[in-house]
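Asks: My questions all concern the structure below.
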Amino acid sequence: CAELPVKKHIWFHFCQRLHKLTSGRIFRCYVCNYVTSGFAYTCDECVVSYCLRCSLVSDLARYQGHEHLLHPFVFSYKELCSACGESVGFTYAAMRCKPCNFNLHRTCITLPLTAQHSSDVHPFKLTYHEDDDNYSEGHYCDICERERNPKHWFYHCSACNTSAHPKCVLQEYPFIKPGTIYTGNGHPHPLTFVKKVEFYPECHRCGKHCLDLSLQCKTVGCSYIIHWECR
Ligand SMILES: [Zn+2]
Ligand SMILES: [Zn+2]
Ligand SMILES: [Zn+2]
Ligand SMILES: [Zn+2]
Ligand SMILES: [Zn+2]
Ligand SMILES: [Zn+2]
Ligand SMILES: [Zn+2]
Ligand SMILES: [Zn+2]
């Protein structure tokens, strides 16, 4: 990460200013919409931040799921995304191989190649095609147990032979490092991101147990903890 440019032109950003590299903040990436801790490219004028994964997709992307170069296209097409099957219409930054009618959301291009979910001890691998030797009739997501279209990308654990929707695997905030400090929610002490909370303490806002991503005060004598969603 030492070689990241301090300022960078984000080609798909609307105002065309240089973006500043920032770190140590929690932000929601304007492209992929994931809450992320770590490096970001930020435009001070527009007050938007892009995560590194989204910032570093170049304008001519060669993508593993496809053999040709992909070109950016903006606003005008109504095709479906080859990765998730949803419309790419009016997302301002999708990528396309025109001869093949192969289209990808920027959010799908930047899906992490591996991801962890609490339902499986192994990391899931991003998979582009269902294997031909897979004769199972139905295709289901092992997390939400709903149907899965085998033509769309999915996460797969080969050790357990489990498969899941990308949305289901990534719902647990994969881009927040536990231990990151969060400030600015009105509590007098700094709060720390925690994912697995011992003894399941109750949230100070909603009263339910904290199992998933939470903000915990580690100041001695203070037991304040809230769900990330309750902040
Ligand atoms: Zn992003
Ligand atoms: Zn801007
Ligand atoms: Zn997509
Ligand atoms: Zn192509
Ligand atoms: Zn699912
Ligand atoms: Zn597994
Ligand atoms: Zn406190
Ligand atoms: Zn809560």
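Quick reminder: no glycine exception, Cβ is built from N, Cα and C everywhere.
Annotations in TrEMBL come from automatic prediction, not curation.
What TrEMBL records for this protein is below:
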DOMAIN    67-116  domain 'Phorbol-ester/DAG-type'
Asks: Taking the domain 'Phorbol-ester/DAG-type' (67-116) alone, what is its mean pLDDT?
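Replies: Value for the domain 'Phorbol-ester/DAG-type' (67-116), mean pLDDT as a whole number: 76.
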Asks: If you run through the domain 'Phorbol-ester/DAG-type' (67-116) with DSSP, how many residues end up as helix, strand and coil?
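Replies: Split by secondary structure, the domain 'Phorbol-ester/DAG-type' (67-116) comes out as 4 helix, 17 strand, 29 coil.
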